[in-house]
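Some notes on the structure that comes next.
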Amino acid sequence: MEKWNQTSNDFILLGLLPHNQTGLLLLLLIISVFVLACLGNSGMTALIFLDLRLHTPMYFLLSQLSLMDLMYISSTVPKMTYNFLSSQKSISVLGCAMQIFFFITMGCSEGLLLASMAYDRFVAICHPLHYPIRMSKRVCVKMILGSWTLGSINSLAHTIYTFQIPYCRSREINHFFCDIPAMMPLACMNTWVYEYMVFVSTTLFLFLPFLGIMVSYGRVLFAVFHMRSKEGRKKAFTTCSTHLTVVTFYYAPFVYTYLRPRSLHSPEEDKILAVFYSVLTPMLNPIVYSLRNKEVLGAMRRVWEMLSSRKK
């Protein structure tokens, strides 16, 4: 391994893909996923903004999920693509810090937001008469602001502490972006205290919200099976299964990566898992929420008709 160069403050990202034809094909696939994610999430945000029928708490939360996914995938893929095509693997300390800050902010905020979306469905299905009060516009705004604020504060604390650690063993990060677990082996001090902080943070921002989501949907599914209306049962089950699909794709690899002790980490496995929650999930979310949601499909048709009539 290359020793730390005191004259350079840059880190080296070893990347995800091999520099050969296979790597280039995989990069083209990732770029395609990135473009789809950007179009899908920006389109979903615009659709919710334009269609008045989607101005409900559930879709306001969904618009924030789309915005987070858009920023999430944009924090890693463009830099990875540039490094691969230019054969320059370096990233400045400032660039690395910004990547960590935005990545953790989006990761933690999205975890809290998904929990808010699960609570929204729980109230809508299990306590429909209380829904206008429990999920009022004010409560919805507080949920959104709380997710962004808590995620940002947690991310800022981790970013500042990460760059207070002296790195003297190497400047090579065995990942395709600046990820805290991948940076800890480079430190020339014992980092067990900080690793414990990462464990606590992951538990608070990912594992506990995940448990809350499971409890909420457990109650929802119980209520769904006792519904008399077949149409209502089908609609509720479709909505819940959609949310659970998104939650599973997001939480499973994220929690598995950040709750494991460092001794059990494998760089190659961590990079593959990171592709799931940082690249694939932002692309899948708008597809899952649109193709399995009649209200979104109806809004797409109405907006298309509105735009077509304006052209005439």
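Note that the numbers count up from 1, one per residue, in the order the chain is shown.
Backbone N, Cα and C atoms are what each Cβ position is placed from, and that goes for glycine too.
Remember, predicted model here, so these are calculated numbers, not experimental data.
Straight from TrEMBL, the features:
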- 40-289: domain 'G-protein coupled receptors family 1 profile' (DOMAIN)
- 24-50: transmembrane segment (TRANSMEM)
- 57-77: transmembrane segment (TRANSMEM)
- 97-119: transmembrane segment (TRANSMEM)
- 139-161: transmembrane segment (TRANSMEM)
- 193-215: transmembrane segment (TRANSMEM)
- 236-252: transmembrane segment (TRANSMEM)
- 272-291: transmembrane segment (TRANSMEM)
Quiz prompt | For the transmembrane segment (272-291), sequence-distant contacts whose Cβ falls under 8 Å of one of its Cβ atoms, 6 or more beyond its ends | solution = 16, 30, 33-34, 36-37, 40-41, 43-44, 62, 65-66, 69-70, 72-73, 76-77, 103, 107, 175-177, 179, 242, 245-246, 249-250, 252-254, 256-257, 297, 300
Practice problem: Would you kindly list the residues that approach the transmembrane segment (24-50) from elsewhere in its chain, counting only those six or more residues past its ends and only Cβ-Cβ distances under 8 Å? | Solution: 17, 59-60, 62-63, 66-67, 69-70, 73-74, 77-78, 80-81, 84-85, 275, 279-280, 282-283, 285-287, 289-290, 296, 299-300, 303, 306
Self-check item: Recorded stretch, among 57-77, 97-119, 193-215, maximising Cβ pairs under 8 Å relative to the transmembrane segment (236-252)
Solution: 97-119
Quiz item: What mean pLDDT score does the domain 'G-protein coupled receptors family 1 profile' (40-289) have in the model?
Solution: 89
